[in-house]
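For 2-22, 44-64, 85-105, 113-133, 163-183, 188-208, 225-245, 255-275, the entry in Swiss-Prot reads transmembrane segment, with the evidence type sequence analysis.
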C-alpha cells in the first residue's frame, strides 16, 4: 500500500514540477488529477500537501539562481551587490499585496472556488487573456528589458497581479507573467521576476498551510511524511529541468501556446463537470 502511495507521490511531484513554472496552474492541475488518481489520505493532509509540495519546486529556483540571488557571493563587484539587494527589495515590495489581501482571504476563496467548474472557468479566462495580450503586444517593444531597470512601482503592481492567483486555476506564474508583460516587461524579465517572487511567496504560503495543519490538531504519520518528501523531491528534480526549458523557450517564443492549452483544458473540464453532474 505504501509503495503505491509513493508511486502516486512521484506522479504528483512530476505534475507539480512541470505546472508550477508553466503558466497553467499547478494547484489547479493537482486538484484535477486527484479527481482520477487519489492518495489515500485525509482531507486536512491533502489541503496541506497541495501547497507544501511546492517547496520542492521553489528550492529548485534557489539552486539554479543562487549566485545571482546571493548578495554575499564571492567575486561580486560593489555594483552587482547593490543590484542584488535592489532585486530583493523589489521582490519584497511585490509581496506586500499578497500579505494584505491574499493571506486573509485565502480560506474563503479555497472554500468557494476550490472545485472543478471554477478552476475550468479560470483556466479559460486567463487563456483568453494570454492570447489577447500576446496579440496586443506583438508590435510593441517592451520598456523593461532588464530586471535592474524595473521600478519599485512596477514590482508592486506585479505583486497586485499575483493576488489574482488566489483563485484556483488562475496560476501564480501566469498572473505575474501577464501582469509584468502588461506593465511593459519583456517575456524574459517577466519569467525571471516570477521565479524570484515565488521564493518568499511560496515559502510563506507553505509555512502558513503547514502551521494551520498542526494548529488544527493534525499530526503527520510516517507514511504521510514519506509521501510529502517523495513528492517534493520529485517536484524539485523536475523543476530543475522545466525552469531551464522555460527560460530558453521565452527567449524565442511567446505564451500563446499556453493560452490555447488553458482554453482547451478548461473547455474539456466543463464538459466533464456537466456529464459528471448528469450521471
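Every residue gets a Cβ built from N, Cα and C, even glycine.
Of the Cβ pairs linking the transmembrane segment (85-105) with the transmembrane segment (225-245) and spaced 6 or more residues apart, fewer than 3 are under 8 Å, so the two regions do not touch. Beyond its flanks by at least six residues, the transmembrane segment (163-183) meets 20-28, 31, 97-98, 101-102, 105-106, 109-110, 113-114, 118-123, 126, 129-130, 133, 137, 142, 144, 154, 157, 189-191, 193-194, 197-198, 201-202, 255, 258, 262, 266 of its own chain at Cβ-Cβ distances under 8 Å. With Cβ pairs under 8 Å as the measure, the transmembrane segment (225-245) is packed most heavily against 2-22, out of 2-22, 113-133, 188-208, 255-275. With a cut-off of 8 Å between Cβ atoms, the residues of this chain six or more beyond the transmembrane segment (188-208) that come close are 20-21, 51-52, 54-55, 57-58, 61-62, 65, 69, 87, 90-92, 94-95, 98-99, 103, 106, 142, 144-147, 150, 155, 158-159, 162, 172-173, 176-177, 180-181, 243, 246-247, 250-251. Listed as Cβ neighbours of the transmembrane segment (255-275) (distance under 8 Å, sequence separation of 6 or more from its ends, same chain) are residues 22-25, 32, 116-117, 119-124, 126-131, 134, 169, 174, 177, 187.
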